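Take a look at the structure set out below.
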Amino acid sequence: MEKPIKPIKLFESYDLQSPPAQRVSDASEPLATNDRHVLVQGNQHSKLVKGMHIVLFFLSLYLFMVSIRWLSDGFTLLVACQAKSVFDFSNNSICSLMIGVVAAALLHSQSTVVSITVASVGAGALSLRQAIPIVMGANLGTCVTCILVAFAQVHSRDQFERAMAAATVHDMYNLWSIVVLYPIEVVLHPLEKLGSAMTRGSGKIAFSSPLDKIIDPFADHLVSLNRTIVQNIVAASGNGTTCNETKIMLHGSMRNSSMTTAGTVTLVVGFICLILALVGMVYTMTRLFRNTTSSLLQRVLNFNAYVNILIGLIITMILHSSTAMTSTLTPLAGLNVITMDQLYPLILGSNIGTTASGLLAAVVTGRKEAGQVALANIWFNVFGILLFYVVPATRYPVVHCAQRIGKYSAQWPMVAIIFLLVTFALLPGILIALAFIYDAGAGGIVIGVLLTFGLISAICSLYFWYYFRSGRLRWHTYLNWKALQHEQRCMDVYLEDEF
């Protein structure tokens, strides 16, 4: 009688919910052979594969940064000539806040929005009081990139839950900071006063990101922008700068195209490259961050939470990009390589680190007012940490909301899309529209009051339905039904493949 053949273990088997240090890997078991030649050959092959994965990871990360640059350049080309008219609406603080949210979401860069705002203040196009809400909004708007990165792991609902929670903890931190600090700033102006009190004369220092030196040679083949001209157009600095396409586009294959065509093509190419880069990053991270690597990372990040804030700050200052930092952390959280407790302080440090861009832009302008905006941005993030991290109990609203969104998104991925659209499109659109209506004279004020009353009534009705009319039960029942549907589809596909 023939002996049954023992199944060959090809992949790691571990519980995704357990900490990485506790995972038991089938792949790490000793080989069932004493042949020294086989062992050496297997180790060499393993090192070669790991080396290839490392190279592919850095290539994917490089493509990710290039794609973000192209997305930013594409939106810049499409809106550069109209950007000044957008900032003209910044007299209303709500409009300023929402302009910051939408601009950073479209450009995928808080640093770009803050730098343009600082330059505008330095040129006298914006006041300090108008600029501070824009900077606040930019802190929230840049979080959209992390959510897009999280969708690269939607194929695994466990991974997607953790990735979405990691992505939205950045949103929730900035959102709660705005909810608390924005009304205080409107009434008492503490950020404005602190920035003014700390500002002294400054010299002029030129600084460029180390990443720019690496990204520019490849990214400029498609399009290269003169960012000084763009900032001058937005700031309307009085030097006679006009929206001249030949001055904005320096070189690249799209130089002879119109700004609309160049912007559209750059956006499409950037979006395609972003998808490819995310797939590559998640694929390589899944294979690189296994037992040994995960345990090493755990030992580093478990040392001290405040050291993690410092690590996030230093890395972001070196990269000159919080997007690169947070977008790399999101897939790692999805793979359960890092936990929420380790991720949160890294994101806080990244938020402070990215303020260096605005501070350096202020130094370049040499204007005291520009420095005040940059310092206000720093104080906004410092106060956010004091409010929602230093006391452990205050972390609950940020982490709890993020985990809830992650859980609901895993049950029904449309929740993540709805959250994305409401936070970065619908809510800003409604608030900006209401601000415009209130500024339209006596008739506008009447209409605005009625619309505001209707909006508040709708929110109160939804709250009453959710908590007092079985809305919560119905919502969770629906989510469980959607999750069950997904499990059934997965089971059907599995059975078809097996039989």
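Using N, Cα and C of the backbone, Cβ positions are placed for all residues, glycine too.
TrEMBL: automatically predicted annotations, no manual curation.
Only residues 6 or more beyond the boundaries of the transmembrane segment (54-72), in the same chain, are considered here, and those with a CB under 8 A from a CB of the stretch are 107-109, 112, 145, 211, 214-215, 218-219, 222-223, 266-267, 269-271, 273-274, 276-281, 283-285, 288, 321, 323-324, 327-328. Sequence annotations record features per position, and here TrEMBL assigns transmembrane segment to 54-72 (among others).
Residues or ranges marked as transmembrane segment in TrEMBL: 131-152 (among others).
Taking Cβ pairs closer than 8 Å, the transmembrane segment (172-191) reaches residues 93, 97, 129, 132-133, 136-137, 139-140, 143, 344, 347-348, 351, 376, 379-381, 383-384, 387-388, 397-399, 401-402, 423 in its own chain, all 6 or more past its ends. Positions annotated as transmembrane segment by TrEMBL: 172-191 (among others).
The transmembrane segment annotation in TrEMBL covers 259-283 (among others).
Per TrEMBL, transmembrane segment is recorded for 303-322 (among others).
Sequence annotations record features per position, and here TrEMBL assigns transmembrane segment to 343-364 (among others).
Sequence annotations record features per position, and here TrEMBL assigns transmembrane segment to 370-391 (among others). Residues of the same chain lying 6 or more positions beyond the ends of the transmembrane segment (370-391) and with a Cβ under 8 Å from any Cβ of it are 114, 117-119, 121-122, 128, 131-132, 135-136, 139, 173-174, 176-177, 180-181, 190-192, 194-196, 198-199, 202, 309, 344-345, 348, 351-352, 355, 358-359, 361-363, 397-398.
Nonlocal intrachain contacts for the transmembrane segment (412-438), taken as residues 6+ away from its ends with a CB within less than 8 angstroms of a stretch CB, comprise 89, 92, 94-95, 97-99, 101-102, 105, 140-141, 144, 147, 150-151, 154, 160, 164, 168, 171, 175, 405, 444-445, 447-448, 451-452, 455, 478-479, 482-483. Taken from TrEMBL, the feature transmembrane segment applies to 412-438 (among others).
What TrEMBL lists as transmembrane segment is 444-468 (among others).
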